[in-house]
Every structure is written in structure tokens, then in C-alpha cells.
Amino acid sequence: MATLIHTLADHSDDVNYCAFSSSCLATCSLDKTVRLYSLNDFAELPYSPLRGHTYAVHCCCFSPSGHTLASCSTDGTTMVWDTRNGRRLAVLEQPSGSPVRVCRFSPESTYLMSGAADGSVVLWNAQSLKLYRSGNVKDGSLVACAFSPNGNFFVTGSSCGDLTIWDDKMRCLYNKKAHDLGVTCCDISSQPISDGEHESRCFQMASCGQDNQIKLWLISFADFASAELKYKYTLSGHSAPVLACAFSYDGQMLVSGQVFFCFNTNKVNSFNVIFHTFVFISRYVTTCAFAPCVLLLATGSMDKTVNIWQFDHKQPCSGHIIQNESKKRAVENWSEEDVLAWLHAQGLTDLVGIFKMNNIDGKELLNLTKESLMNELKIESLGLRSKVLRKIEELRVKMESVSVAIPDEFLCPITRELMKEPVIAADGYSYEKEALENWLNNKRRSSPMTNLPLPSLLLTPNRSLKVAISRWLETQQK
């Protein structure tokens, strides 16, 4: 069972990625910042947030030692930071200048990989922070990466749906179409498994995509010059694009953007699952990460928050699927089980039996008063009654805030801020005028969305969009 133990709400825009070291949690956002938190109490570190990127930060990752952190951005750079003091150690510019979507350190800290929207793949020497080798996927933007446990191979995923296996010399060893609408994330378990043929050289790999699917693969490394990817299973239960997936440190659990899967053994295709619903994430889950050595999970969302979940250490693999809806259901539609899960997450576990005995569902929860808590549910403690009512009021406020989320089409793709002077570029997309002019003034002549060359630098005011934004703002002020 997973329990929500903490929520971080410091970012001012969508959370794009989160990553753990043995002592810290790092998060990054469309708000152009990277934030670091102590795992002792989830307090933000004194030198956080890290600032330096001029556009959205898409990904961040710790080195194996945890002493350095890498972050990458639409600004075409990968920055390396000292996690002990927040000092920026290097700015690595993607050779093509294309927006960098993903970065990863190899397990032995030999390389730092950066992948960009134009499909370019770069391996940097993690010690000297100099370019080592580079290559390109055959089509699409590079959006995902995972290293093999020994660091000799890595897998990339692209927006065209391909998974590609590379060796550390940047030779393409294997390529396979995996997701029709594009890969969004991939991860390789650190624990070897047996397929009956290649003992200790086979690993579970998961990939997810825009096709609402998460797929399991068997990836085998026969020697230092060859690798193979075998499709094994498609895990269902998703009703929307799956944006993230990650294995736990022991390989027994897999989490995706919407669903947690538990594996009962280390044998391929051997797992049992049941459903359990959580309702605390209001919008799409964009990222998920397990902590090393402990069953602690972080999930980031488009609602600007990061949730920290704790798993029952006595039952680390009981076969649960814990499903998060892409959009929060109205509280009045909650089932009795949803209410009980909410009580657990709010630290009100002592009241679970009382609520269960009285069949309290979402509607009943919203109708609770001081009198009903005392006279009908027989909750004698004044402090406990006050805490329940305070938590219900917080829930109402949170639900109301979700309903006024800014429509995505009103946000500039570059800054992810509400547009004031939207203009249409030659790529057909609308941007905030000042943001796009800054983009072009930095000697970029490509589309921020497609990375293709712009046939013209002409910017046309999007008056209809400006009117629509103005009308929407008026409705929010009533």
C-alpha cells in the first residue's frame, strides 16, 4: 500500500521531472528552475532554486555519487551543478543548438548523455565535461533514455515511436518501432532476470507512450558488441497518454504516470495485479521516480506539485496497481473507498473504521458538520473534529483551484505563461511575441515546436486568440 506523506508546491508551472539521490530530491519545471529538497524532512535546501536556464527545464538527473546534478532545457543547454553548494560547474551546449529534452548519467559516472528535439544524441565525458561522441536517431525528437546497469549500452526513445540501443561508442546496435504515437519515457530495471537462456545478462525494460500503453521488454546484452530487445507484454489500465515510467531499486515494482505495477518474482511475465484508486493528483502525471534503497516514490504533475509516497516496507510487493486518474473526479463522486484512502493520506487513519462503518462517500463527506461529527459519528475529540473539517475545507479549495486552470492553448509554448500579445509564426503555432522575438534574436531560425527551419520570420498577430484570452480572463474575475 502507498501512502501520500508529503506534497511540494513550490514550482509556479508544470513539473517536468523529478530525480532522487541518496539524500536529495531534485525537481524541475516549465518555470525555468530546478529545486532541491532534503530527504530528511523535505525542506528545500538553502541554495535552491537553481536558476540559469532561460527557458523551460525538461529533465534533471543526479550522478551516481549524488555530488553533481545535470539539467537540460529548451534553451539548448545541459547544465551541471554541484549539489553540495548549488554552484554551476558547466554549461554544455548541444552542438545543434536544439532544445534538449532528456539527460542521463551512466551508472559508473563515465558519461553524461543529452538528447535533443532534432534527434541529436551526445555523450559527454562526465569528468572533463567535454564532448565525447555524438549521433542522431533516424527520425523524430529524442525524448527518453535509459542506461544498462553496467553502463556499456543505453536505450533512447523518440517521438516517432522508436526504441534504439546504442553502445558507448555511439554505434546503433538495434532499432525497433515500439509505440505508434511516440515514446514518452523508458527505464531499465537494475536487477537481472532469467529468460532461460541468458542468465544475468537479461533485464526488464519498460517503455510508455502517447498510445496510452506501457510495454514490457526483455533486453539482453550478449557481449560488448550486440544487444537485443524482445517484446513481452502490454500493461493495460491507462485512459490517456502515459508520460513516465520507472522501476524501483529492487526491480519488484514499476510505476507509470497513471498506474503502479508490482512484480511478484524476477521471472519474465510473472506478476499479479489488482486495482486500487487514488484521487490526489488533479492533472496529468508528468514524471515519477523511485528513491535508491528505499520504497519512496515521487510523482510530479501538471498541477505544479510533487507528491511523495511511502510504501509499506512489510509488504513491498503485494501485487497492487494503484491508479491515478488523469483528471481529479469531483469529490461528490468519490466512492467510500476513495474517502478511506483520503483519510489515510491526511493522517486520519484512526477515523477509517468510523467512516467505513457509517458508509461515508464523497457526498456524505462534503455534508459533514461539527454536529454530525460529534452526534452521529461519535467523534468526541474537539481537536480531531476540527482537523477533519479543516481538511474538508482544504479539499474544497483545491478542487475549485483545479477548475480554473489556464487552458493550455492560452500558454506560450516557449515560456509556458499566459500570452498577452500572441503571434502566429510560419510554423503555424502561436507564441508570445516577445518570447519568440528573443528566440529568433538568439540566432535561432528554427521552430521552437518542431525544430524545423522556419520558411519565414514573419510574425502575424493572432487577434482571435487574444480576444479569446481576454474573454477567459473576464470570466475568472467574476
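Including glycine, each Cβ sits where the backbone N, Cα and C put it.
Because TrEMBL annotations are produced automatically, they should be read as predictions rather than curated entries.
Noted in TrEMBL for the protein shown:
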type	residues	note
REPEAT	50-91	repeat 'WD'
REPEAT	93-134	repeat 'WD'
REPEAT	146-167	repeat 'WD'
REPEAT	285-312	repeat 'WD'
DOMAIN	334-398	domain 'SAM'
DOMAIN	405-478	domain 'U-box'
What average pLDDT does the predicted model assign to the repeat 'WD' (285-312)? 87
Under DSSP, the domain 'SAM' (334-398) has how many residues in helix, strand and coil? 48 helix, 0 strand, 17 coil
As a quick check of your reading of DSSP, tell me how many residues in the repeat 'WD' (93-134) are helical, how many are strand and how many are coil. 0 helix, 23 strand, 19 coil
Treating G and I as helix alongside H, and B as strand alongside E, what does DSSP give for the repeat 'WD' (146-167) in helix, strand and coil? 0 helix, 14 strand, 8 coil
Per DSSP, what is the helix/strand/coil residue tally across the repeat 'WD' (50-91)? 0 helix, 23 strand, 19 coil
